[in-house]
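Per Swiss-Prot, these features apply:
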DISULFID  Cys14-Cys34  disulfide bond
ACT_SITE  His33  active site, charge relay system
ACT_SITE  Asp62  active site, charge relay system
DISULFID  Cys137-Cys163  disulfide bond
ACT_SITE  Ser143  active site, charge relay system
Amino acid sequence: VLGGGAIYGGGSRCSAAFNVTKGGARYFVTAGHCTNISANWSASSGGSVVGVREGTSFPTNDYGIVRYTDGSSPAGTVDLYNGSTQDISSAANAVVGQAIKKSGSTTKVTSGTVTAVNVTVNYGDGPVYNMGRTTACSAGGDSGGAHFAGSVALGIHSGSSGCSGTAGSAIHQPVTKALSAYGVTVYL
C-alpha cells in the first residue's frame, strides 16, 4: 500500500497516509476513526489481510497504526495517481499559508492551502484537538490519506466539508503526533 492508497477493513474503505518503520518492522499510519472500525486491513475489497492494527486513538486524536503482516516492504512514498509517486523524507507540522497536497483513495490528489492550525473539530463521536485545516478538496473514503508538501509529511486526513467551490476544507491530524505516539519514523 502506498500513501494515499485504498485500505479496506470492517466493510469500510479508508486511505493510508504514510508508510513508517520502527526497528525494521513496517507499518502505515491512517485515521483513528478508521482503525477503530477494524483490526484487519486489506489492500482490496474482500482481499487478503495485509496488516493488523497495533494502535488507535479517536476521538481526542484521529490516528492509528497498522503493522504489515504480509511480509511486504512497501516504499515510503505517496501515490500521486498519475503513474508517479512522491518520496517522503521527513515530517513536520503544517503552518498557516503553506501550500499542501492531499492524496486519498476517493478524490485522489487535490491541492490547497493551510488556513488554520490547532483547531478543535467536533465530530459526532466527540471532539478532536490540535487539527490542521486546509482548503484541499476531499470526500468520504479519503479518511486516513496523506497531507504533504513535497517530501514532507504533514498530516493524516481526518474529515472534510466536501469539495463545494471555495468552501471546501480538509481537516488533518498532524502526523508528528502519531509518529511520536508510536515511536515510528517515515522513510525513503
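Quick reminder: no glycine exception, Cβ is built from N, Cα and C everywhere.
Structure coloured by features recorded in Swiss-Prot.
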residue : record                           : DSSP (3 states)
Cys14   : disulfide bond                   : strand
His33   : active site, charge relay system : helix
Asp62   : active site, charge relay system : coil
Cys137  : disulfide bond                   : coil
Ser143  : active site, charge relay system : coil
Cys163  : disulfide bond                   : coil
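Cβ neighbour count for Asp62 (active site, charge relay system): 33 (other Cβ atoms within 10 Å of its Cβ, all protein chains included). For Ser143 (active site, charge relay system), the Cβ neighbour count at a 10 Å cut-off comes to 27, with all displayed protein chains included. Of all the disulfide-bonded residues listed here (Cys34, Cys137, Cys163), it is Cys163 whose C-beta has the fewest other C-beta atoms within 10 angstroms.
Under 8 Å, Cβ to Cβ, and six or more positions away along its own chain, Cys14 (disulfide bond) finds Ala6, Ile7, Tyr8, Thr30, Ala31, Cys34, Ser105, Gly141, Ser143, Gly144, Gly145.
Distance noted between the C-alpha atoms of Asp62 (active site, charge relay system) and His33 (active site, charge relay system) is 6 Å. His33 (active site, charge relay system) counts 24 other C-beta atoms within 10 Å of its own C-beta, drawing on all protein chains shown. Straight-line distance linking the Cα atoms of His33 (active site, charge relay system) and Cys137 (disulfide bond), rounded to a whole number, equals 19 Å.
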